[in-house]
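Taken from TrEMBL, the feature transmembrane segment applies to 21-41, 47-66, 73-92, 98-121, 133-150, 170-190, 197-222, 242-265, 320-339, 345-362, 374-400, 412-431.
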């Protein structure tokens, strides 16, 4: 025990085994919903629920364990739901790209994230993105998730006359989703960290009572990974769509994977580590390793989840808490029947609340620069209106660069913005 304490600096950080274990349990209860929501989203793209669930558990456990061992942070890492939603609804369902092709692009994104982390420029890229675009990306992805949630429950649907139209409020799925949404918000207001998983389970029980779901049991051996393991179609690399998808997934991945880390460092009183290259490289390595492994198993890139803040509030201060979270996730491998019998509409309210969380980034937006404000709104609005996170990135970066030039502030434009804007402009106006 003394060696564990020395390795994780538990007493040195002012913590204890009790606090670390309690913090790990709290973080786990806050993030376990990912085991249901991520497979539910990706199964809509044609991936088997069971295989995705196993892949989600394995990469979550690995990356969270690495976060504890390498960086000694009490942060949990799991597949980013923004990336999963974009993968399913924007790439596979909207563009008609089969998931094996799209997963190849996700794999290369993971490889690039790992490469840029190892050569120590990933942090520099993220730090170079202007605050207005950073906030706009978060809000845009949030609105995209809310839009997806509305579509899942039939709240909105396609219309030939007005593009989209309102669905029926008398639909039982709509009623369950909105009541669940209100319950989650109320529980989070009273700081009940298990709100997400509690509401998902409550919806599942209600679905069983209403015969909208079938009980499949509780415990069983884990499903096979074979249906998704190494199912990458490398011939897709010759198609023009591959590079467009790769570029958009890379931008989402580099943002999604790091935004939570920055926020948690601020909340845990370690904001100074953001500017410490040594600390940041150790913290960025776990998710980049797992993001390159995840697509080989059958899931999308990973991200540090902001729900880890609940464990920090419960007393977690070191990576030992992350080890606890990783072990608890591995234990979930044997609960496939329980998770697989939860209907997709039971998780919709969680998706919408997460979207609202991301939209809350607007409260820290600075409104004193014309170019910043316009590019923020262009980025935010374009994502849900075009049902494409890629186009939100494209028009956001281009509008920011153009407006800064017009207003005579071109010297303030980071090199990253010049490069991304040029690439987006070439794709939109030359190769389209």
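For all residues, glycine too, the Cβ spot is worked out from N, Cα and C.
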Output the single range from 21-41, 320-339, 374-400, 412-431 maximising the number of Cβ pairs under 8 Å to the transmembrane segment (47-66).
320-339
So what's near the transmembrane segment (345-362) in sequence-distant terms, Cβ-Cβ under 8 Å and 6+ beyond its ends?
33, 36-37, 40, 81-82, 85, 134-135, 138-139, 141-146, 148-150, 152-153, 173, 176-178, 180-181, 183-185, 188, 196, 199-200, 203-204, 207, 213, 306
Surrounding residues of the transmembrane segment (21-41) on its own chain - C-beta under 8 Å, 6+ positions past either end:
47, 49-50, 52-53, 56-57, 60, 74, 76, 78-79, 81, 84-85, 88, 193-194, 196-197, 200, 299-300, 305, 307-308, 310-317, 320-325, 328-329, 332, 339, 342, 344, 346-347, 350-351
Beyond the flanks of the transmembrane segment (98-121) by at least 6 residues, Cβ under 8 Å:
42, 45-47, 83, 87, 91-92, 231-234, 236-237, 239, 242, 245-246, 249-250, 253-254, 257, 277, 281, 284-285, 287-296, 298, 300-301
Give the nonlocal contacts of the transmembrane segment (73-92) in its own chain as ranges (CB under 8 Å, at least six residues past its ends).
20, 23-24, 27-28, 31, 34, 37-38, 41-42, 44-46, 56, 59-60, 63-64, 67, 98-99, 102, 106, 141, 144-145, 148, 151, 245, 248-249, 252-253, 256-257, 260-261, 264, 268, 270, 283, 286-287, 290, 294, 299-305, 307-308, 311-312, 316-322, 325, 351, 354, 358, 387-390
Against which stretches of its own chain does the transmembrane segment (197-222) lie, if we need a Cβ under 8 Å and a gap of at least six residues from its ends?
29, 32-33, 36, 50, 54, 172, 176, 180, 183-184, 187, 333-338, 340-343, 345-347, 349-350
Can you work out which residues elsewhere in the same chain, 6+ from the ends of the transmembrane segment (374-400), have a Cβ less than 8 Å from its Cβ atoms?
82, 86, 89-90, 94, 130, 132-133, 135-137, 139-141, 143-144, 146-147, 244, 247-248, 251-252, 365, 413, 417, 420-421, 424-425, 427-428
How about long-range neighbours of the transmembrane segment (242-265): same chain, 6 or more residues beyond its ends, C-beta under 8 Å?
73, 75, 80, 82-83, 86-87, 91, 97, 101-102, 104-106, 108-110, 112-113, 116, 122-123, 125-126, 129, 134, 137-138, 141, 236, 271, 273-274, 283-284, 287-288, 291, 301-306, 308-309, 312, 389-390, 393, 420, 423, 427
